[in-house]
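Engineer: So that we are looking at the same thing, I have put the structure below in structure tokens.
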Amino acid sequence: SGSCTLRTCWKKMPHFREVGDRLLERFNGAFKVMAGNDGKSVVPVGHNIKPPDKRDLIYSADSPDFCMANRKTGAPGTKGRLCNSTAMDMGGCDLLCCGRGHREETMVLEENCLCRF
């Protein structure tokens, strides 16, 4: 008589939040690089920076400044936009106003609610 053994292996994706956290960590530690003289390698821009390894996130061009209006790209900038003074996310004044400060305004809106009694 013989015996049979079956073994199945698979890789499982981590939770979506974990993937996002890892990407953010790599984004925050990304290296700016320029092409090496051999045309195949990259060289980090800056002094005393270790060369990136294959798991590091690298970039070669700086992101545009979305805070300021740019006619060339059509970016409107953030000056004059409404923001939420209590929010800590993308719509919050601290981030959206790009450190320029902001003015708080309280508005009272009266609207006909079409209520029937």
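Placed from the backbone N, Cα and C atoms, the Cβ positions cover glycine too.
The following feature annotations were taken from Swiss-Prot:
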LIPID     Ser1  O-palmitoleoyl serine
DISULFID  Cys83-Cys98  disulfide bond
CARBOHYD  Asn84  N-linked glycosylation site
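So where do these features actually land, and what's packed around them?
Structural biologist: DSSP assigns Cys83 (disulfide bond) to coil in the three-state reduction, outside any helix or strand.
Non-local contacts of Asn84 (N-linked glycosylation site) by the CB criterion (under 8 A, 6+ apart in sequence, same chain) comprise Gly91, Gly92, Cys93.
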Engineer: When neighbour density is defined as the number of other C-beta atoms within 10 angstroms of a residue's C-beta, which of the disulfide-bonded residues Cys83, Cys98 has the lowest density?
Structural biologist: Cys98
